[in-house]
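According to TrEMBL, the features are:
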type     : residues             : note
BINDING  : Cys66, Cys70, His154 : Cu cation binding site
DISULFID : Cys66-Cys70          : disulfide bond
SIGNAL   : 1-21                 : signal peptide
Amino acid sequence: MNRIACLLIAALLALAAPLAAKDARPLPADSVYLLEDVYTDQAGKDFRLAEGRGKPRLVAMFYTSCRYVCPLIVDSARGVERALEPAERERLGILLVSLDPARDDVAALKSVFDKRRLDPARWTLARTGAAGVRRLAAVLGVRYRPLADGEFNHTSALVLLDAEGRVLARTERLGAVPDPDFMAALRASLARSTTAD
């Protein structure tokens, strides 16, 4: 009986070793996932960007009280999502990070999430501290500055990260019809992530 238990444990460890090795691989030097900041999502759950490793991710920066451009950022990300085949959609994560940590608490994120009826299987709205916002904006190439009236002047961009968190493509073309070059890069990344599984 003891021998069977030992063999079973050895077999389980052998099966788990490749999974552990995959997670233990170092991130590429140019990975956004190297940022160590803690983020909080619309459900109040804390996470780090590296937890998104393994599938391509669409990332943008916004703030919940924005009335004009930020809703268009959400609509543009939705347009990208709608342009994908259902199987492709399942392999994409979408992350929108707030530029306004002072006002965008979990309740504000959840309100926008619910109002826009975003799919929790793919979409995450998140916040982090002011220093984390600066670091993420810098690596994504998003310029922003607070204005006296509480609004923000900011770059409106969708950024595509590959499964390892490297920036593959970006577009500042917003609207219902997605940027064809951005979509081509996204589809290529989704195809690569399928063959890597």
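The backbone N, Cα and C atoms fix where each Cβ goes, and this holds for glycine too.
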* Cβ-Cβ neighbours of Cys70 (Cu cation binding site) (radius 10 Å) -> 23
* Structure fact -> Residues lining the Cu cation site besides Cys66, Cys70, His154 (CB within 8 A of their CB center) are Met61, Phe62, Tyr63, Tyr68, Val69, Ile73, Leu99, Glu151, Phe152, Ser156
* Structure fact -> In the three-state DSSP scheme, His154 (Cu cation binding site) belongs to strand
* Asked: Which of the three DSSP states, helix, strand or coil, fits Cys66 (Cu cation binding site)?
  -> coil
